[in-house]
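What TrEMBL says about this protein:
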type: BINDING; residues: W61, Y154, K284, G317, R401; note: substrate binding site
type: BINDING; residues: G121, S122, D255, P318, T319; note: pyridoxal 5'-phosphate binding site
type: MOD_RES; residues: K284; note: N6-(pyridoxal phosphate)lysine
Amino acid sequence: MPPLSADTLIALDRAHVWHPYGPMPGTVTPYVVESASGVRLRLAEPVAGGQRELVDGMSSWWAAIHGYRHPVLNEAVREQLGRMSHVMFGGLTHEPAVRLAARLVEITPEPLRHVFLADSGSVAVEVAMKMCLQYWQSIGRPQKRRLLTWRGGYHGDTFHPMSVCDPDGGMHHLWGGVLPGQLFAPEPPAGFDAPLDPEYASQFEELMERHADELAAVIVEPVVQGAGGMRFHSPAYLRMLRELCDRHGVLLVFDEIATGFGRSGALFAADHAGVSPDVMCLGKALTGGYLTLAAALCTSEIADGISRGEMPVLAHGPTFMGNPLACAVANASLDLLLGQDWAVEVKRISSGLSAGLSAASEMPGVRDVRVQGAIGVVQLDHPVDVPAATEAAAREGVWLRPFRDLIYTMPPYVTGDEDVARIAAAVTAAAVAG
Ligand SMILES: *Cc1c(COP(=O)(O)O)cnc(C)c1O
């Protein structure tokens, strides 16, 4: 088959293909990516300013931490392809999955011992919720089935995860009668270094106390709230949650799908606080951005509880559970990450972003500039003109994908200093244009 011309490809795309959060037919023309290597996306045709290669400021939504077409990751996939791409996981097992699960248990906080491999982040969150609800059901407390979270969160796009996304950002008003009604505390006070606000803590506890009998779990994104608004909060609030959950007999779920594997400056955001959740969700960077794979890890207490129930099994089993290709590349990605001083790289990018974005805080239209780990955010005082901001970044030779009032970046950890500076300049240019 001859390759499609760029025009044909775009026409077919606009006519037939849904994109994330997109209208149908599509209204804005996406860039066509021909290939990608290192931290650069190669486009089929030049875009704004004649650029045909863009430095990736997004890591393909937190995932491609080692960049693209990495020789070690490519080799891991090729090697696994030579054995098998997939076999069902019911009644069968294989080394890539077992190795990965054992590794995840080893590197995550202590009492997490059991791993459910899911095929996307949203499904991992579904499974985490199912673990919690089924635990209470199994130990004779079936009325404990609601979830509590704080506002400003994002946990995925399937219905139960949607129910704990921010009610406004997640457009809950569209889904009356469909979404389960969960409980919401106010957003955690902003600032990684901010001291714990005792007023907030007592409000949170009051809410929890009032509903403890019906609460299965608290679920939050630790330290960094990602797609819900790119807000950072103090690890002190995670310690607060751990204490309150213990005191009131409620499970604690950390959704580390975005924060996991070093992004926030600690290997897991929970490590900033020195606390462990009862369930942890991982995804996104798990395979270094190669294939879709996620995981929900839980403690033995939860697994044992479920085993004592009337239905003593975790009732979930995706067709592509434990996909060997995805597990093999996840193992290689973990080798790469843990085989280097990743914290130094994250800190280097953090400093580069802080330096490069500092001038933006003085600009008109900018409400806030913040950096945490290898994440840089410029928040405007108005909604971003996404096409204009995207084009301004592309003129600087950088790929960015702003949303709402946010222009933000989380570069691959292998991004060199010059490219980090370039990304920061593009974020600034996008803030001016958008
Ligand atoms: C992206 C994300 C999800 C959903 O993951 P998908 O793989 O897109 O389904 C859930 N929680 C958080 C915190 C995320 O960032």
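Cβ from N, Cα, C; glycine included.
Predicted automatically and left uncurated, TrEMBL annotations should be read as such.
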Which of the three DSSP-derived classes (helix, strand, coil) applies to T319 (pyridoxal 5'-phosphate binding site)?
coil
Given the binding-site residues S122, T319, and counting only Cβ atoms in the protein chains shown, which has the most within 10 Å of its Cβ?
S122
Neighbourhood of ligand 1 - binding-site residues from G121, S122, D255, G317, T319, R401 with Cβ under 6 Å:
G121, S122, D255
Whole-number Å value of the largest CA-CA distance among G121, S122, D255, P318, T319, listed as pyridoxal 5'-phosphate-binding:
23
Among the binding-site residues W61, Y154, point out the residue whose Cβ has the most other Cβ atoms within 10 Å, with all shown protein chains included in the count.
Y154
Among the binding-site residues listed here (K284, R401), identify the one with the smallest other-Cβ count within 10 Å.
R401
Under 8 Å by Cβ from D255 (pyridoxal 5'-phosphate binding site), same chain, sequence gap 6 or more:
V125, A128, G153, H155, I219, V220, E221, P222, C281
Once the chains shown are all counted, how many other Cβ atoms turn up within 10 Å of the Cβ of G317 (substrate binding site)?
11
Could you tell me which of these binding-site residues, G121, P318, has the greatest number of Cβ atoms within 10 Å of its own Cβ?
G121
Spatial neighbour of T319 (pyridoxal 5'-phosphate binding site) that is closest, considering only the binding-site residues W61, Y154, K284, R401 and their CA atoms:
K284
Cα proximity to G121 (pyridoxal 5'-phosphate binding site), best match among binding-site residues W61, Y154, K284, G317:
K284
Cα proximity to P318 (pyridoxal 5'-phosphate binding site), best match among binding-site residues W61, K284, R401:
K284
Of the residues named as substrate binders, W61, Y154, K284, G317, R401, how far apart in Å are the Cα atoms of the most distant pair?
34
Would you mind reading off the Cα separation of G317 (substrate binding site) from S122 (pyridoxal 5'-phosphate binding site), to the nearest angstrom?
14
S122 (pyridoxal 5'-phosphate binding site) and K284 (substrate binding site), distance between Cα atoms, whole Å:
11
